[in-house]
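According to Swiss-Prot, the features are:
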COMPBIAS  31-45  compositional bias 'Low complexity'
COMPBIAS  197-207  compositional bias 'Low complexity'
DOMAIN    223-324  domain 'PpiC 1'
DOMAIN    364-463  domain 'PpiC 2'
REGION    31-50  region 'Disordered'
REGION    196-221  region 'Disordered'
REGION    328-361  region 'Disordered'
SIGNAL    1-31  signal peptide
Amino acid sequence: MMRSLHSLRRMSGTVLALMLAAGLPLSAAQAQPAKPAPKGDQKPATPAPSEQFVDGIAAIVNKDVITLREVREASKLASADLQKRGIQVPDERTLQKQVLQRLIMERLERQEADRMGIRVDEAQVDQAINMIASRNKITPAAMRAEIEKSGVTWEQYRKSLRDDIRMDRLRQRAVDANIIISDAEVDAFLKDQERNPAAAQATRAPAPQQPQPQPRQPAQSGPAMLVLAQILVRVPEGSSPDQVAALRKKAEGLLARAKKGDDFASLAAANSDGPEALQGGMMGARPLDGWPDLFVKAAGSLSAGQVSGLVQSGNGFHILKVVDRAGGGQPAQAARPAPAPAPQQPSSFQEGPSVAAPQGPVRVTQTHARHILIKTSTVMTDDQARQRLEQIRERLQGGAVKFEDMARQYSQDSTAPQGGDLGWVNPGDTVPPFEAAMNALQPNEISPPVLSPFGWHLIQVLERREHDVSDEVQRMRARQLLFERRAVPAFEDWLEQLRSQAFIDNRLEKQERLEQNNR
């Protein structure tokens, strides 16, 4: 799937968008072993729920334990981040409840990454740091100084970055790879855009470029951009009609408060079940056509600051707020950005690409390349994958075998039946490590093993050419918009599937119910 736009382009953008955060995601909290309760005659043989809670276990996720210490430390980080964003911090119990939900999902994702054999080594972290520093026009040393000045240790930042890269690779494999946009869908989308000239600007993007750390400038023209935040009241799979009705009532109560004027970000932080709850519900900015149809119908005609009605999806009840919108010259601005040393903002779902219309033909240097991909897994380590490719490279350079034959025999990419042939590759079509290695090759030269988020590659450049890609860029942009439209619900479905298949014993929740019953 090396030429799969939705996986390659999105992975590239996500890794580069890992910014110099002043705070850390909740995964930065270090797990601490639970302390056993001291033995004594005054203790019952089987502790009551409240005593189990005091013992130090906040939740059990499959076979993993989340401790109270983890929850407390992560809550401190979340509280600091909310304050920096200007969002009211929920009361301690509510904050810990939200934080624990986040930790549970992070633990489930981590377990899934372990199962799939996804690992991130020090070299990959260094590579990401160099890219982030380059994008922000600073040296890695200056970047480290800024990070430490914010009160975060360099070791904490590296761990956070490693976790982010690993989770991004997991989501790419588990979610993005399953979103397939057909040529027929692209054709239909472009025809629809022709009937709506204002929206059609969204697909007239400039030629793909290497990512550059350019500050956003006010655009003179562009498509409608929409910045959304949400409050999600999740409806678990298998909920009874009474449970669904109770959750709807809860969502309606939150909607009434939002319509009345209560701060939306604070409501989201305290009540939303969405993965972006502790960012005030902020989902980021995209062209209008990049949002799911349900969201566009509910919020597409609203003005900035307005709140939608209740939106029901397969995951539950959504309340949407239009944080900002722009088009025809006004750039969309993120609401309440967290202070950070770098000019970028974190987002689970990245903003769409540049939308300025090109003037005249769009000419780029295309590379005709082929590759052999060896993926890492529980039975194929990084060292083993690299060594296998080194052995193949030696045989290729000795002239004993042909590249296409080795690709058919060994490559684990979908291009293997075609001898690893990627066709003509535009700038930006592949992830940065792959593209950098490919650009350094002369025609007919074979690279050493190259590490990317997909695994290890051997790359051979066959030829290069200058080519007008105006039509291709428009189709690529349309495909990306269609992908982004599906990404949000697909990600939420995947999270719900992870949760529904897991054993989760939430002791915080049990403790709260016990106290309510005793009142």
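A Cβ is built for glycine as well, from the same backbone N, Cα and C atoms used for every other residue.
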Q. On the 0 to 100 scale, where does the mean pLDDT of the domain 'PpiC 2' (364-463) fall?
A. 93
Q. How does the domain 'PpiC 2' (364-463) divide up by DSSP, counting helix, then strand, then coil residues?
A. 35 helix, 29 strand, 36 coil
Q. Would you list the DSSP helix, strand and coil counts for the residues of the domain 'PpiC 1' (223-324)?
A. 41 helix, 32 strand, 29 coil
